Every structure is written in structure tokens, then in C-alpha cells.
Amino acid sequence: MRCLCSKGNTPVVEVSARHGSTATYSGDGGDGGSSYRHITFTSSFNQFQSSRTPPKPQSHTHASTVTPSNPKSTARQILGKSFQDISKFYSLGQILGGYLFSSSFDKTVRVWSLQDFSHLHTFRGHENKVMALVYVDDEEQLCISGDSGGGIFVWGIDAPLSQDPLRKWYEQKDWRFSGIHSLTAFGNLLYTGSGDRTIKAWSLKDGTLMCTMDGHKSVVSTLSVCDEVLYSGSWDGTVRLWSLNDHIPLAVLGEDLPGEIKSILAITAGRDLLVAAYENGCIKVWRNDVFLSSKTLHNGAIFAMSLQGKWLYTGGWDKNVNIQELSGDELELTVNTFGSIPSGSVVTAILCSQGKLYVGYGDKSIKVYRAK
């Protein structure tokens with residue numbers, strides 16, 4: 001699984017499924033980190049341990065464990081369900097209407113019901129592996145997918161779901177080109193991050209290229225929008241900030257920090273904070289463009305991340321979803337380890353929406369945790 005997209009701001013849950021892509025998530029931080037209920041897309045049970053939750057003994061088996069950093073913490077059980085598919089997930093996106101969207105190396109985008117976790121529909125047409133998904137809820141409700149060959153497909157999500165895209169177009173290729181790696185949207189514009197080291201703004205109405213933003217020295221691996229600022233993260237180890245009004249560059253973060261340059265694989269922005277995740281398992285945090293903190297969270301690359309209120313969720317190569325609590329003031333920031341959810345597969349995608357945390361894995365599964 002490669003990424004997740006959703007609509008909503010609520011506590012966190014975990015979902016589990018089979019397809020072959022990546023996830024990303026969002027949701028309300030609040031005190032959602034202190035109480036979780038697990039829902040997967042098959043019948044299984046997960047256990048969540050939290051130093052902030054009183055004991056609630058239960059006898060469920062086949063449990064996944066959320067291990068707290070505090071050895072004195074107590075456990076509570078979490079119910080889980082899951083769904084299966086035939087290929088690895090690369091991207092996930094939950095949107096309005098009770099749908100979960102997943103994209104994959106099998107060149108498809110699949111639509112799942114969040115009512116009974118059944119497979120509803122498959123969008124076909126990509127000629128290359130689908131690398132990214134984004135949800136748009138503007139004049140139309142749309143699911144947009146980008147692939148490794150530069151194809152951009154716009155899918156309508158009104159019932160009945162159609163087999164054909166509403167619109168599609170392709171990036172122009174050159175010798176540096178290696179496809180689309182990231183997507184985000186704002187207003188009536190779609191933004192793509194690509195292997196040619198650029199960010200492009202496209203009209204969602206007709207696919208017209210409106211603007212090209214240059215500056216990165218390697219693949220633009222991740223994009224995020226917050227407070228009318230576009231953030232782009234790259235394998236060159238920097239995060240660049242762009243105005244969404246006129247697309248001029250605003251700042252470059254990370255290029256003046258000491259140490260060896262490491263590729264940025266994910267970024268998340270919110271609460272005047274920007275968090276970047278790196279291939280070496282480290283995160284770096286800025287507040288109002290001022291560097292505050294750096295910490296190693298994983299043993300290996302961090303592929304997926306989401307910031308919800310004071311809670312930061314990360315997952316990657318070491319097969320764990322780690323939960324961090326961010327605290328501090330304008331001048332200082334402390335990253336406290338709250339717990340972790342171990343698994344048997346690499347974490348490739350995370351999405352938090354409408355009270356659920358969706359996690360995509362390299363073993364073709366998606367797991368969902370629901371906060372009480």
C-alpha cells in the first residue's frame with residue numbers, strides 16, 4: 001500500500017485489508033491516543049495496551065498488540081476485522097459515502113464498503129502501477145489516481161460507480177522522468193510531485209497544466225497542503241514551501257541542518273507544526289518554519305505518517321506503527337513515545353478519518369483501529 005486519503009477529523013482506529021498499496025491518515029488528536037478499538041477487514045481481535053487506560057480484562061485471541069513504552073501500563077482488548085484482496089496495496093483513501101479506496105501495483109483502484117468491508121468496484125485503465133491517491137470534495141466528489149508512467153485518472157464516485165474515468169491525462173516525459181510519486185489538491189487544482197523533480201499544478205476541470213514549480217534536486221516524494229501553503233518533500237532531503245495563491249517559493253527547510261542528507265519519504269502538517277519522516281527512521285519537526293527537534297522513531301525507513309492534534313502516528317520498514325505524543329511550547333518540543341502496534345509486515349500507508357485509523361501493509365492487508 002502506498003497512501004491513504006480521507007475526509008473527516010475524528011479519533012483514531014486501525015483497519016486491515018488485502019490489495020497492495022500504501023496508506024496515509026488523518027483524524028482528531030484530542031485524547032484519541034488513550035483509547036482504541038480495533039476493526040480489521042476479517043474476524044480477528046487485537047489488543048491495545050495503554051498507560052492511560054484502566055485495565056479491562058477480556059479473553060479474545062488472535063490479537064495484535066499495541067505495546068506501551070511504560071512497562072506498568074495496562075491492557076485493553078480491541079475487536080478487529082479485515083478484508084482480503086489479490087495484490088499489494090500502494091495507496092488507500094477513505095472518502096465520503098462510506099467508501100474506502102485503495103490503489104496498487106496491479107494498476108487498479110479498488111472501492112470497498114465501510115459498512116460490511118466488502119469489495120464494491122474496481123477502477124481499471126492505468127497502464128502502470130498506481131502510486132498515489134487523493135480525494136477531492138469541491139464542486140464534484142472525485143477520487144484521483146497517479147501512476148508510475150505519468151498517468152493521471154479522475155474517477156467519479158457517484159453511484160452507480162462507472163468503469164471509465166471522467167477525465168485522464170499524462171505528464172510529459174523526459175530523460176529524468178520516473179512517474180508520479182505524490183498527489184494533493186486545493187480548490188480546483190491538482191498538484192503532482194514527480195520523478196522529474198518538479199511540482200505541477202493542473203486544472204481539475206480539463207487537465208490543463210497551470211504551473212510548474214522547480215527547485216528540488218531529486219524526486220518529489222510527498223506533498224501536503226495546510227493553511228494555504230503547499231509543502232513538498234523530496235529525496236534531496238529538503239521540504240519546500242510554496243504559496244497556493246501564486247505558487248512562488250516561500251522557504252526551504254532542512255538544507256542547512258548538520259548531518260548526512262537523507263531522503264524524505266513523508267510529511268505531515270498541522271497545528272503550525274511540520275513533521276518530515278526520513279529513510280533512516282528519523283523525524284524532524286519545525287514550528288512556524290523554525291527547526292525544533294529531531295528523533296529516531298523506527299529501525300529503518302518511515303513510509304507513512306499522520307499528525308492528529310498532539311498525536312503523531314508513524315509506520316515503516318520495521319513493521320511497527322509507533323504512536324508519539326507531542327508536547328511543548330513555541331520554543332521547545334518534546335516527542336514522547338506513547339506506544340507501538342507491531343505487525344508481521346512492512347507498514348506502507350496510514351490514514352485516519354471519521355474516528356478510524358487505517359493502516360496499509362506490504363502483505364496486502366489493511367487494518368483499522370477505532371477510537372472509543
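Yeah, the Cβs are placed from backbone N, Cα and C, and that goes for glycine too.
If you look up TrEMBL, you'll see 47-74 marked as region 'Disordered'. Marked as compositional bias 'Polar residues' by TrEMBL: 58-74. Among the features that TrEMBL reports, repeat 'WD' is placed at 97-122, 187-212, 213-252.
Note on the repeat 'WD' (187-212): residues 134, 136, 138-139, 142, 144, 146, 150, 152, 154, 167-169, 171, 174, 176-181, 218-223, 225, 230, 232, 234, 242, 244, 247 of its chain, located 6 or more positions outside it, place their CB under 8 angstroms from a CB of the stretch. Over the repeat 'WD' (213-252) the predicted model carries a mean pLDDT of 97.
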